[in-house]
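**Q** Please read through the structure below; I'll follow up with questions.
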Amino acid sequence: MTNRPRQLPVHAMMIVLSVLALFPVYWMIVTALKPETEIFSTALWPKAPSLENFGYVLEAIPMLRILWNTALMASATAAAQVLTGLLAAYALVRWPFPGVKLAQAVIGLSWLVPFQVTMIPNYVLATELGLRDTIAGLVIPNAAAAFAVIVFYNAMRSFPKEVIEAARMDGAGASRILWQIVAPNMRPALAALTVLAFISAWNEYFWPLLLTRHIENAVVQIGLEMFMSQEGNQWGPMMAAATLASLPILALYLVLHRQIIDSFMRSGLK
Amino acid sequence: MNRRDFLATASAAALLAPLAPRLAHATMAGEITEPVTISFYDYNLASAGLGKEATEKLIAGFMKAHPLIKVDAIAAQSNEILSRVQADLVAGDQPDLAQLVFRDLIYIARDLGAEALEDLAGEELAEHARGMAPKGLDLGKVDGKTYGLAFTFSTPVLFINADLFRAAGLDPENPPRTWDEVRAAGKAIHEKTGKGGFFPGAYGPIDGTFVYQAIAMSNGGMVREGNKLTFADDGAADAVVMLREAMDEGSHARIDPASHMDTFQAGELGMFLFTSAVMSRFEKSTAGKFEMRLAKMPSFGDKPTAPTNSGSALFLLSKDPVKQRAAWELMKYLTSKEAYTIITSEIGYLPLRLDIIDDPKYLKGYVEAHPMLQPNLEQLQNLTPNVAFPGPNYRQVENMMKDAVVEAVFGHGDPRAVLKAAQDQAQPLMPSS
């Protein structure tokens with residue numbers, strides 16, 4: 001009780017920061033509800049709010065199909081990155097070999113290779129393999145991520161070796177040790193990385209831009225671009241599409257927000 | 001990484017390799033006798049509500065008329081479409097037909113392997129071109145040959161906020177005809193309403209090179225003569241100096257060049273010089289907000305204006321004789337009277353075939369119902385091709401010129417010196433012969 005006056009400035013600051021963080025989301029939704037003649041109005045609420053822009057988006061592009069494609073692509077990418085990262089980190093920690101440091105360094109360095117460098121070679125390969133315009137083509141080049149390997153490697157290194165040794169002496173094989181002992185104890189890192197990989201894949205733009213040839217096979221960032229052009233942007237429909245695109249991520253967050261915050265705090269990820 | 005970086009990277013990567021080495025010239029097939037599929041890159045397809053629906057209608061109409069030809073239409077934004085075509089070429093997947101913008105014309109003709117239509121179609125081209133605006137056909141020519149068949153294009157027109165004109169005591173019935181009148185009106189609007197006077201959409205990041213070139217060429221300037229850059233020379237530089245003086249006196253609005261269209265649509269700008277392709281969008285967004293009018297682009301005194309073209313041409317890239325025939329048939333269909341009726345009335349571009357304007361079967365009714373088209377149609381008499389830059393560094397050269405113009409108009413230094421410095425720096429990037 002005695003601390004309450006001192007906490008007031010802190011709370012005031014937090015309220016201001018929350019408003020700053022939430023206002024763009026609010027403005028996106030309000031703009032989506034505005035008719036075309038009010039798009040450039042700075043009023044905080046439209047005079048005649050309507051769902052017209054949402055209807056237009058659903059009519060102009062196959063938005064539901066696009067959202068499904070994106071969910072599929074983001075889920076598959078996140079799952080693949082977690083799986084490959086976990087296996088690679090386990091191998092590096094469990095069976096150190098001469099040059100393991102070099103292997104780690106190379107994996108770490110590959111994280112620094114910009115997308116521009118691999119973009120064209122990947123595109124050529126995807127073309128040869130017939131992966132253009134497919135969800136598989138969007139997922140496979142991103143199925144392994146150096147960041148995932150590094151996160152899991154560091155998490156596994158701090159896992160007590162004695163537990164692994166005890167399991168081994170009890171006759172557990174490498175696979176059983178990974179899936180029944182190590183992985184369940186790495187839940188925070190696994191959850192945090194899954195969420196990060198999912199969001200990152202959901203927001204992916206350049207690779208889908210290059211690979212997608214038809215709108216029905218597109219992901220959401222390409223769908224949003226359909227309302228932008230050199231001849232001007234259609235702000236109302238674009239904000240409606242952006243709102244629809246944000247809903248799955250928002251729903252995921254609302255359902256899992258405690259676990260997500262927990263995961264980030266416990267795994268030390270920000 | 002923003003989109004511009006992506007494009008620069010993709011372009012650079014693709015430019016490093018010879019994309020389409022000149023192949024032995026195959027003769028186009030005389031007719032289509034078996035089913036064939038051709039790929040068609042199109043940027044109107046990537047604009048929902050603007051060009052997508054009309055283009056889909058055109059392609060469906062073509063496939064109905066040519067049941068043996070299937071068109072695999074690929075949508076890409078106009079500022080990304082060249083990179084996409086380059087990527088396909090690098091991957092060994094030759095696109096057959098592409099809608100590409102005029103600024104890349106020379107690169108497409110000389111380095112991307114586009115076919116010269118005179119060589120490919122010969123008499124068929126001459127026959128198809130009958131009824132087309134001759135100046136429109138010139139837009140796609142390089143070294144005297146037609147590599148790009150002008151498709152969707154428009155010219156800069158002056159959009160006017162009639163309400164701001166009245167509020168400033170001006171008569172929107174008599175819009176400014178010269179740059180002096182534009183400056184006077186812009187100053188009055190700015191002083192009496194506090195809104196922006198005028199703004200030419202001649203600066204980036206939205207491509208405004210064609211507007212800048214239209215202004216420069218209307219004053220007798222040129223951005224290059226052969227391989228010699230001339231954008232800092234008298235005619236072109238004087239035009240930029242005029243814009244700078246307008247900026248300093250307050251008639252030229254000092255707004256973010258990236259938001260010029262939004263500023264006009266918000267009712268914050270008295271006059272806006274930009275492509276007529278945005279007319280239908282502006283009509284919708286300004287309805288009930290303010291009265292919009294259109295006028296021809298302003299002139300420098302009595303000098304004739306030089307409205308240049310924005311927009312695109314169709315380029316035939318296929319090397320397969322049968323696909324070449326299929327692509328040529330599609331080109332003809334997309335530039336037919338029927339197609340231009342759809343393109344003009346449903347997208348808003350100018351018709352390349354002027355004989356359909358007075359024909360009740362085609363555009364007569366539409367033109368009568370949309371009197372704002374008139375200034376744009378009148379300007380076609382003076383249509384002046386946009387000047388593309390040659391050589392592998394053409395984009396860098398163009399960007400240096402654009403940046404210099406922005407600095408000269410928006411900055412505080414001597415505009416002539418700014419342009420001269422940029423010209424001297426860019427000249428070594430031009431081809432030497």
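Glycine is treated like the rest: Cβ placed from N, Cα and C.
Unlike curated entries, TrEMBL annotations are predicted automatically.
Quick paste from TrEMBL:
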type	residues	note
TRANSMEM	A:12-30	transmembrane segment
TRANSMEM	A:66-93	transmembrane segment
DOMAIN	A:67-256	domain 'ABC transmembrane type-1'
TRANSMEM	A:105-123	transmembrane segment
TRANSMEM	A:135-156	transmembrane segment
TRANSMEM	A:177-202	transmembrane segment
TRANSMEM	A:235-256	transmembrane segment
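Could you tell me the structural context for the features on the list?
**A** Using a Cβ-Cβ cut-off under 8 Å and counting only residues 6 or more beyond its ends in the same chain, the transmembrane segment (A:105-123) has close neighbours at 88, 141, 145-147, 149-150, 206-207, 210-211.
A Cβ distance under 8 Å defines the sequence-distant neighbours of the transmembrane segment (A:235-256), meaning residues of its chain 6+ beyond its ends; these are 25, 28-29, 31-32, 34-36, 39, 52-54, 56-57, 60-61, 63, 67, 70-71, 195, 198-199, 202, 220-221, 223-224, 226-228.
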**Q** Where else in the chain does the transmembrane segment (A:177-202) make close Cβ contacts, counting only residues six or more beyond its ends and a cut-off under 8 Å?
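**A** Non-local partners: 70, 73-75, 77-79, 81-82, 85-87, 90, 142, 145, 148, 151-152, 155-156, 159, 163-164, 167-168, 220, 248-249, 252, 256, 259-260, 262-264, 266-267, 269.
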